[in-house]
Ligand SMILES: Nc1nc2c(ncn2[C@@H]2O[C@H](COP(=O)(O)OP(=O)(O)OP(=O)(O)O)[C@@H](O)[C@H]2O)c(=O)[nH]1
């Protein structure tokens, strides 16, 4: 699988990664090639388009890290976008429901439904210690029920006794009842297939679904079928709803387009892949491994990841040191404001903090919005270098000049300076020489650097990742917040999520008081 795509992408990137500089035209040309390669691999058109759009957007805005060549950066972006397209890592079969948990298998004839029903049953039995009952609801193909019975014998999993003349819905009811009485954990319903999707098939599936109330509906799709598989998935999903996908014949030499598009089209995770005819030829789906395989450029990807980590860590450490020594000048404040803009402004930042929902309204009511960031940045950029490092220079006439330059007024400037002073004081306090504070500051920076991901710079200080902080750090933060009560304008209600904490949120520029 994926061999052709692998070759094509390989040659596109080989032409790119060695180069010292890349123009926008170079990136566009590479993207055109990538688009063609994906289409040839049978990836659905809409998926290709959204894929290349996202890569373009990220490639154009990316900061090229020192020690990394631009082409390598593009490889990393394509890799990450591939992983994103393939969906999340390790989606297991969900058995989190009262027993017996019903799993309904759907798909076209010959897609590997029956084989996969056996494989999954065997896995649930052997790896997760579940007592499984399998039932074939295929009354159209005479040998189908018998085929499943034999499969059950082979793998040591029980099957529902065959009663001639029952329809699929009756069989599904009997299966659930038998499972309940027999103390089974899981019931696997292997439904009938058709050569193509038609109304009677969909109606039958909907009826079974209604009567058996399955917890999982897994669509089994042949990864060799290309575009058709994508339409099939869309149809099944819209009509009866699926909870996950199983891609079979991933051991074959198909172009892989279906495998690449299915999750993007349905939004449902690929839970497992079939890699052979044998009963244990079933594997978990690992998007990252597949992306690595397709690109065949694992070295470059990890090189870029390492460079990004090192630079983030270096910048965060430098900033932390500056703050500890109380050197938090207006350049640093500007960096912080920019960082916040990057994080999606106020809305984005609040969304990252637990329990910030309520605060959003207060912030809005205080008249603080994303334009405030822009205004504050304009003020700082209208200052001279000297003024930025030494705000004490800012007396009346200088303020007037800055106000004119930034389209603001003296009151705005005073507000900004006050905010900066308070933040600088707080930074000093928090970064105080006692080891604890230092650790806390590092924690804050680290959390932020992580949140920022690749595109971010250093997590220029500031937003604590409360969810990841250890309890001691939280306690320390709370104490500092209490000390700071009233010292920071705005945010009077304190930090929700820190029980009982009052006062400002370290790192967030103070909000103007309500007029
Ligand atoms: N190579 C390979 N073959 C597979 C895989 N999964 C299933 N098969 C084979 O595909 C063929 C069809 O599989 P079945 O499980 O009978 O298909 P089905 O969807 O149940 O078909 P119907 O019962 O006719 O609806 C069998 O020969 C399987 O051994 C896989 O992951 N890899």
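Cβ coordinates are placed from backbone N, Cα and C, and glycine is handled just like the others.
Positions annotated as GTP binding site by TrEMBL: 107-114, 190-194, 248-251. Residues annotated as domain 'SRP54-type proteins GTP-binding' in TrEMBL: 269-282. Marked as region 'Disordered' by TrEMBL: 475-515. Per TrEMBL, the feature compositional bias 'Basic and acidic residues' maps to 475-485. Residues or ranges marked as compositional bias 'Gly residues' by TrEMBL: 489-507.
Overlay of TrEMBL feature records on the structure.
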{"residue": "107", "record": "GTP binding site", "contacts (Cβ under 8 Å, 6+ apart)": "113, 193, 219, 220, 221, 232, 236"}
{"residue": "110", "record": "GTP binding site", "contacts (Cβ under 8 Å, 6+ apart)": "193, 195, 222"}
{"residue": "191", "record": "GTP binding site", "contacts (Cβ under 8 Å, 6+ apart)": "104, 105, 106, 113, 137, 138, 168, 204, 205, 208"}
{"residue": "194", "record": "GTP binding site", "contacts (Cβ under 8 Å, 6+ apart)": "108, 109, 201"}
{"residue": "250", "record": "GTP binding site", "contacts (Cβ under 8 Å, 6+ apart)": "1, 223, 259, 273, 274, 275, 283"}
Reported mean pLDDT - the domain 'SRP54-type proteins GTP-binding' (269-282): 92
Binding-site residues near ligand 1 among 110, 113, 191, 194 (Cβ under 6 Å): 110, 113
